[in-house]
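Feature annotation from TrEMBL assigns transmembrane segment to 22-42, 54-73, 79-100, 121-142. TrEMBL lists 122, 126 with the feature Zn(2+) binding site.
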């Protein structure tokens, strides 16, 4: 989670750079951060430490994304805020599952299996954060391709699954 989120952070801060440029300072900082978090976590073995470090990275992504949809590409608000909302809903359900785990287990024993399945909030965390992350990847791709002067278009496969198609802008 830490490593993939660092890649997201790098992409979001470098999306307005020229092709083939590398920000070695940011790259070094994120790799160092990842290695420090990994080392400390392996020694301390405290999940809250990992969660706080991951939360810091997600917070950084949220702030950067809000900047982009507020000042750079305001027409991407729908995609940016949808990805954030879906991710945060998954995070909320995961926390509810952590706090009320025993109560939810007892509840699941008393209700029909179809209802029991829908209260598996940890599973919903994986589904919703995965979907939110995918939508954020689309947001990141859309932002980068616009900057590189491509014409990105969001299409829906099977009417429900968003993908980005892009073509270079024609010189006139």
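Positions of Cβ are set from backbone N, Cα and C atoms, glycine also.
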### Query
In sequence order, what residues of the same chain, 6+ apart, have a Cβ less than 8 Å from the Cβ of residue 122 (Zn(2+) binding site)?
94, 97
### Message
Sequence gap of 6 or more, Cβ distance under 8 Å: name the residues on the same chain that satisfy this around residue 126 (Zn(2+) binding site), in order along the sequence.
### Response
90
